[in-house]
Amino acid sequence: MLIVKKFGGSSVADKERIFNVANRILEDYKAGHEVVVVLSAQGDTTDDLLEKAKEISASPSKREMDMLLSTGEQQSVALMAMALETLGYPAVSLNAFQVGMTTSSTYGNARLRNIETDRIQAELDRKNIVLITGFQGVNRYDDFTTLGRGGSDTTAVALAAALKADKCEIFTDVDGVYTADPRVVKHARKLAEITYDEMLEFASLGAQVLHNRSVEMAKKYGVELVVLSSLTRAEGTIVKEETKVEKMLVSGVTADKNVARIAVVGLKDEPGKAFELFSLLSKKNINVDIILQSIGREGTKDISFTVGRDNLKEAVQSLEEHKERLDAQRIEVDEHVAKVSLVGAGMASNSGIATKMFEALYDAGINIKMISTSEIKISLLIDEKDANEATIAIHDAFKLSGEL
Ligand code: ASP
Ligand code: MG
């Protein structure tokens, strides 16, 4: 069996953890499996490198930034190879250049294009444990690129697809995907299985278990993932196309506090206004999430929508600049909002879910500002201060009825 195992930065943070991981790798190797391991940079290394760059330059070149950041992963794989050799087993570390992992040229947020498997296969044939740097790639100029924060997950899934691995295990410091953040909801339960689509919703809703693009890639190539902890022996969560548990309508609640609401008030109630408004934002690459348009009254209407907080300033600036052209009376901003979402592959065919969610918030006395729904998700915008209480209330409501 060929197994791809990925360990996150906290799993290899120090000497003890490195040997802990080395021993887990050896369990598979000793059982006769071929093992390819993807590693992240140790602990806070990537953050520290970012800091270091800041000390030198306020706006370092993106090429040099990736040259710098890609060293973190290289340290991890070399140290792990040394650990395995110390324990008496053959291992070899490879970076993206040595493997031949090519990406697009966008530094800092490159996309994987192709992975050569020859070198890896040759090393496996020599009975080596193969340790590969996560997060990095090489562009067509033969320069190092990085895949965006958390990108090592994506490296692992891409490798599993390219090598047609039998298993892809992602080890982190949590032991799986939960029905809600266990720090907020005491009764949160670990899910045995979750679908790619549900996981994608979770990932984009702020549950930082897996890199979003790794899930997209897993779905595209049908790579079944297991998310588990490197520190315990607990069974993890399997991420796959379809789960066995057909009757599970909902699989979890998440709260995302990286949200802000913008309201454009008093727009002329005529065709083309939404188009004009959102064109301004898309030109700046600003993602808009929930959108609400009021019923037109006395010739005007309001459009409100949410953006990520990091985009708020730029969005408002752009709208203020074009206020005249948009014919808007004013722009209002609410930064203290949060989005709680209920995710579940089974909710598409069940009409009672939304009602129960609204009831839970009503019972808790929490006001809803905006609502949006999709096939497998219902999101509600509320006050930020109510986020935890809302998460608990919703989780409890569905737990009581046996859904969560
Ligand atoms: N080391 C990189 C980061 O901290 C990539 C990763 O850990 O997945 O974002
Ligand atoms: Mg990660």
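Using N, Cα and C of the backbone, Cβ positions are placed for all residues, glycine too.
Since we're looking at a predicted model, the values are computed, not measured.
Pulled from TrEMBL:
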type    : residues                                               : note
BINDING : LYS6, PHE7, GLY8, GLY9, THR172, ASP173, TYR178, ARG183 : ATP binding site
BINDING : THR46, GLU73                                           : substrate binding site
COILED  : 309-339                                                : coiled coil
DOMAIN  : 262-333                                                : domain 'ACT'
DOMAIN  : 342-404                                                : domain 'ACT'
>> Just to verify a number: CA distance, THR46 (substrate binding site) to GLY9 (ATP binding site), in angstrom, no decimals.
In response: 9
>> With the Cβ atom as the reference point and anything under 6 Å counting, tell me which of the binding-site residues (PHE7, THR46, GLU73, ASP173, TYR178) are near ligand 2.
In response: none
> What are the DSSP helix/strand/coil residue counts across the domain 'ACT' (342-404)?
Replying inline: 32 helix, 14 strand, 17 coil
> For the domain 'ACT' (262-333), what's the model's average pLDDT?
Replying inline: 93
> Of these binding-site residues, PHE7, TYR178, which scores lowest on Cβ atoms within 10 Å?
Replying inline: TYR178
> With DSSP helix as H/G/I and strand as E/B, how many residues of the domain 'ACT' (262-333) fall in helix, strand and coil?
Replying inline: 28 helix, 26 strand, 18 coil
> THR172 (ATP binding site) has how many other Cβ neighbours within 10 Å of its own Cβ?
Replying inline: 23
>> Please list the binding-site residues from GLY9, THR46, THR172, ASP173, TYR178, ARG183 whose Cβ falls under 6 Å of any atom in ligand 1.
In response: GLY9, THR46
> Could you tell me the C-alpha distance between LYS6 (ATP binding site) and GLU73 (substrate binding site) in angstrom, no decimals?
Replying inline: 12
>> Using the alpha carbons only, what distance in Å do you get between PHE7 (ATP binding site) and GLU73 (substrate binding site) once rounded?
In response: 11
> Looking only at LYS6, ARG183, which of these binding-site residues has the biggest number of Cβ atoms within 10 Å around its Cβ?
Replying inline: LYS6
> Rounded to the nearest angstrom, how far is the Cα of GLU73 (substrate binding site) from the Cα of THR172 (ATP binding site)?
Replying inline: 16
> Given the binding-site residues GLY8, GLY9, which one's Cβ is surrounded by the fewest other Cβ atoms within 10 Å?
Replying inline: GLY8
